[in-house]
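Asker: Right, I'll just put the structure down here and ask away after.
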């Protein structure tokens with residue numbers, strides 16, 4: 001809780017604000033006076049920044065340095081041997097901006113913000129203005145926009161349809177194209193591996209909630225067993241894309257084991273068919289090569305470093321993985337892997353692939369934390385996401401590995417209030433000149449935080465939040481509309497790219513264009529009509545360039561010789 005001194009200070013500030021608000025400030029200002037003067041701020045604090053920022057020449061020097069860096073960066077027309085594709089689930093631009101301050105300063109950069117190319121993607125789905133993680137996953141993985149709540153099933157099919165023409169309406173995307181091209185593939189997530197985002201890499205489902213057979217049976221009770229949709233977990237084990245994943249790391253054991261079986265943490269499964277899909281995965285892959293299932297950090301790192309495995313499945317919790325701050329708080333760092341640990345292990349599994357690889361990575365808990373109006377949790381997950389991308393860029397070469405970073409959708413997080421530089425991003429932004437009460441720099445348009453914003457649910461009666469402990473990661477933040485779960489936001493999301501073909505990702509585009517850009521850059525996807533022959537190495541490429549330059553010269557010499565010979569004959 002806040003200290004008595006801090007509470008006393010805010011009490012005095014609040015009292016002065018109340019006096020100010022009583023001086024006729026209820027009258028709307030003229031249009032030109034809507035921005036309050038700095039000296040009218042109630043919550044006064046000393047800005048913190050580097051003193052050289054006060055000099056104009058400092059900013060000109062920084063701008064010139066950035067210009068030189070951008071101008072000197074060459075466009076690489078070379079095809080990418082490898083691709084690492086990162087999705088920060090729910091990582092809208094407001095989250096990115098707040099995460100910079102969470103790292104320590106407003107002028108800092110997240111690792112992917114240093115990438116040379118940046119664009120924007122439109123996130124709506126066919127039947128919704130504001131999308132969910134399933135229709136967006138289908139767009140940025142398979143190149144098709146579909147309906148809300150569905151995975152890789154055409155928009156002509158309604159959600160939760162139990163019977164439809166699967167051959168005509170279901171499709172796969174990026175990872176299938178990679179596998180067909182002979183590349184190794186893998187997925188990493190901090191959510192359930194059957195959740196909407198990772199599920200989009202290998203499964204087709206008319207409902208994103210069909211993670212196990214129990215959920216399918218509940219929605220399709222009258223459908224004949226042979227006609228029932230295949231649940232998402234089963235598709236990971238037996239599906240054409242799922243079973244060929246070289247590495248699959250995440251959480252969500254409960255959808256792979258029967259209800260009468262407990263997992264490594266003593267939690268029961270949810271399957272009603274009695275099938276243990278973890279054991280089934282072992283049997284399927286025993287005939288395909290060396291395979292191992294792991295359930296904790298130590299086993300994961302040992303398996304990845306062995307370099308002896310052909311297939312690796314890691315499931316580290318019953319439902320979603322634990323938040324970073326939960327792992328730290330519960331002192332489980334030796335048991336539960338974080339996103340960087342899983343990315344490091346996945347790269348170890350994939351990096352020796354002769355034909356290259358495509359790795360898909362989701363930082364999924366950025367989203368779940370926002371849904372509960374807990375920005376500290378979300379910003380910490382964004383920080384871990386940034387570290388994982390930095391790790392991937394360090395471990396790979398920019399000359400042969402394309403890294404693309406984006407998000408599926410935004411959230412209703414607002415970064416507001418004219419706070420001074422250096423102010424705690426998770427603290428008080430200012431005091432209202434209307435009701436004399438403080439408000440936080442970060443807040444939400446809706447969610448459960450409503451009940452910690454307004455006393456008795458009365459929008460005209462706000463709580464005094466100075467007594468809240470904003471260092472507690474469980475603390476919910478202000479929200480204006482009561483909802484059991486905060487919603488997504490509908491604005492565009494960023495797309496950041498580095499490596500071969502990265503220049504393709506600039507500008508504003510539809511989200512479903514992204515996987516085609518990746519496929520083109522990686523020389524995969526025969527169905528699109530471009531040539532996907534073997535990519536020449538540097539020496540061969542140089543030789544081809546030399547030949548292409550010499551050919552016109554040779555033709556010119558031959559033509560000149562022919563003309564001269566013709567003149568001699570005429571003479």
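Using the three backbone atoms N, Cα and C, a Cβ is placed for every residue, glycine included.
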Asker: Taking 23-43, 44-64 as the choices, which stretch does TrEMBL tie to region 'Disordered'?
Answerer: 23-43
Asker: By a simple count, how many Cβ atoms lie within 10 Å of the Cβ of residue 367 (Zn(2+) binding site), its own Cβ left out?
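Answerer: A count of 30.
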Asker: Could you tell me the C-alpha distance between residue 488 (Zn(2+) binding site) and residue 362 (Mg(2+) binding site) in angstrom, no decimals?
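Answerer: Approximately 17 Å lies between the Cα of residue 488 (Zn(2+) binding site) and that of residue 362 (Mg(2+) binding site).
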Asker: Out of 133, 195, 197, 362, the recorded positions in the record, which is closest to residue 371 (Zn(2+) binding site) when you go by Cα distance?
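Answerer: Closest by Cα distance to residue 371 (Zn(2+) binding site) among the recorded positions 133, 195, 197, 362: 133.
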Asker: Could you list the residues of the same chain, at least six apart in sequence, whose Cβ is under 8 A from the Cβ of residue 409 (Zn(2+) binding site)?
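Answerer: For residue 409 (Zn(2+) binding site), the qualifying residues are 90, 92, 123, 130, 131, 132, 133, 136, 488, 489, 490, 493.
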Asker: Whole-number answer please: how many Å between the C-alpha atoms of residue 197 (Mg(2+) binding site) and residue 89 (Zn(2+) binding site)?
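Answerer: Approximately 8 Å lies between the Cα of residue 197 (Mg(2+) binding site) and that of residue 89 (Zn(2+) binding site).
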Asker: Test of understanding: give the count of other CB atoms lying within 10 angstroms of the CB of residue 195 (Mg(2+) binding site).
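Answerer: Excluding its own Cβ, residue 195 (Mg(2+) binding site) sees 29 Cβ atoms within 10 Å.
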